[in-house]
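Summarising the annotation, Swiss-Prot assigns ATP binding site to Gly41, Ser42, Ser43, Gly44, Ser45, Gly46, Lys47, Ser48. The domain 'ABC transporter' annotation in Swiss-Prot covers 5-226 and is backed by sequence analysis.
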Amino acid sequence: MHELLKCDHLSKQYDDGKESVQILNNVNLSVNTSEQLAIIGSSGSGKSTLLHLLGALDQPTSGTVLFEQHDIFSFTSAEQAKFRNQSLGFVYQAHHLLPEFSALENVAMPRLIANEKREEAMHHAQNMLEKVGLAHRLTHRPSMLSGGERQRVAIARALVNQPKLVLADEPTGNLDTKTGEGIYQLLNELRDISQTSFIVVTHDIQLAKRLDRSLRLVNGQLSPQLD
């Protein structure tokens, strides 16, 4: 096990021309390979902003994010896009599946974007959908799937490129207790298979307690989560 990602003194400030709003203030964190880290916080605490920065979807006001000791903000736009597609997976509370495509096509999309041959991309996508228990739903569009099934498709899509790190924003937030438990078990199984690391943003303290480690984000700053 080694350190996969580290951020130092990460800050984010928005300026609307009249006043400045400090969203994140000197955030420091690290995550190791195969580790599940929870970040707990209320709405508006900056959790989603932090994930956007860790995923190179936004630029910080100050601070650094190192992924395997490489500064992701020193990458060109093309390098950042390649980094996101090949090294990261994203899971959101809203699944963001493309409604006009089947489950199989949605999951294959990251590999198709990476210019993999369609036949190979579909093969990998089918394997991943089988792992999440959706072998019988390959040709179904999102509108034909249940909420839990759509979230499993989103997780399969996040993992189809075998990313080293998955960033998950409230992955069980819209699900009932039974379906949410199934998603948690699935994350564990896939972590064990692929050694993927997870950073999970949640307001669900019970979920956070089941992960390897948890931090609380309050007023833009991180601190250890106490039981």
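These residue numbers are counts, starting from 1, taken along the chain as shown.
Quick reminder: no glycine exception, Cβ is built from N, Cα and C everywhere.
DSSP assigns Ser48 (ATP binding site) to a helical segment in the three-state reduction. Around Ser45 (ATP binding site), taking its Cβ as the centre, 21 other Cβ atoms fall within 10 Å, counting all chains. Each of the binding-site residues Gly41, Gly46 was scored by the number of other CB atoms within 10 A of its CB, and the lowest score belongs to Gly41. Apart from Gly41, Ser42, Ser43, Gly44, Ser45, Gly46, Lys47, Ser48, the residues listed for ATP, the same chain places the Cβ atoms of His203, Leu217 within 8 Å of the centroid of those Cβ atoms.
In this structure, of the binding-site residues Ser43, Lys47, the smallest number of CB atoms within 10 A of the CB marks Ser43.
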